[in-house]
Amino acid sequence: MNSRRSPLLVFSGQSNRPLAQAICDNLGVPLGRSRTEKFTNDNLIVHYEESLREGDVFIVQTFSTPVSDAIMELMLMIDAAKSASAGRVTAVIPYYSYARSDKKDSPRISIAGRLVADLLQEAGADRVLTMTLHSPQVHGFFKVPVDHLSADVVLSQHFKKCVPDAHNGVVLAPDAGSIKRASQIARRLDSGLAMIDKERLSDTEVRPRALIGDVDGKTVFIVDDEISTAGSLVETVSIARSMGAKDVYVAVTHGVYSGPAIERIAALDVTQVASCNTVLVPQDKLDRAGGKLAVLDVAPLFASAIANIHTGASVSTLFT
């Protein structure tokens, strides 16, 4: 796509307009004018209030509660943009919630991660930009290009800011699935690495087995892709404390904070729990967490990725 003839246009759904506005502020472009209405029968309709013809359109929509509304609104925005003769449409999905559903692990279920990918492409998405998929293989469900950003740099910088001698600490992976991310952050911090071996019994219940590594007397940095109900986090912190951890910091990409998560975090024996602004955390949740929650800004990273996609530059250079 020739960026000289294709204006950069950024629009937002309703799920996380503050992030979309911050992305535009970093890009130095105005947030596009659009509105979504809901009829009395619960149907949605999207209106663009400016021309999209031949534009390089980026639509920011995170898949947070209510997830089904967020997905439907994004598909309507993509379809409306294509109908308005947009030159290219990129779906910017900071948090892709159906990434957990990546395989058929029980009879008679849908692989929802693949289904949502199919729906987005059928709606007309030419490209997808997302961050820290729970299951990276979801990337392969798309036939269109997917740029998968990592928040590792942001999380690492945050730990260094909180603890100047972070290199003396230990990065703790809550399970085997997060060891790759933890090892990358440990490399950036030049710190130690540990892992908890555990068994997941259900979506909300885990059974820890053992901590592999040494955390005794050390500052521990727990990293993961997301916090949902915080049940797994409670177990991880409990084990780390029982093994002699001194101070505990937690940082994840996506702070979903569903169900009893906020109450659990407020009671948790940690210094701080940080998450990125891929999911909008309401002020009342921040207040109820007793000052333990922090929000990290990934708008500059998304803005750089959008700028590089628009001009045809590499995106992978942003987090290597």
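Backbone N, Cα and C define each Cβ position, glycine as well.
According to Swiss-Prot:
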- Lys198: active site (ACT_SITE)
- Asn41, Asp42, Asn43: ATP binding site (BINDING)
- His134: Mg(2+) 1 binding site (BINDING)
- Asp175: Mg(2+) 2 binding site (BINDING)
- Arg200, Asp224: D-ribose 5-phosphate binding site (BINDING)
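Sequence-distant neighbours of Asp224 (D-ribose 5-phosphate binding site) (same chain, 6+ residues apart, CB-CB distance under 8 A): Ala173, Pro174, Ser178, Arg181, Ser232, Leu233, Val250, Val252.
In this structure, the C-alpha atom of Asn41 (ATP binding site) lies 34 angstrom from that of the residue listed as 'Mg(2+) 1 binding site'.
Compared over the recorded positions His134, Lys198, the count of CB atoms lying within 10 A of a residue's CB peaks at His134. Cβ neighbour count within 10 Å across all protein chains ranks Asn43 highest among the binding-site residues Asn41, Asn43. Taking the C-alpha atom of the residue listed as 'active site' as reference, the shortest distance to any of the binding-site residues Asp42, Asn43, Asp175 belongs to Asp175. Among the listed binding-site residues, namely Asp42, Asp175, the Cβ with the most fellow Cβ atoms inside 10 Å is that of Asp175. For the recorded site, the residue listed as 'Mg(2+) 2 binding site', the DSSP three-state label reads coil. Recorded residues Asn43 (ATP binding site) and the residue listed as 'Mg(2+) 1 binding site' have their alpha carbons 30 Å apart, per Cα-Cα distance. Report note: the ATP site is defined by Asn41, Asp42, Asn43, and the residues of the same chain whose CB lies within 8 Å of the CB centroid of those residues, excluding them, are Lys38, Phe39, Thr40, Leu44.
Mapped onto three states, the DSSP output places Asp224 (D-ribose 5-phosphate binding site) in strand. Under the DSSP three-state reduction, Asn43 (ATP binding site) is assigned to coil, being neither helix nor strand.
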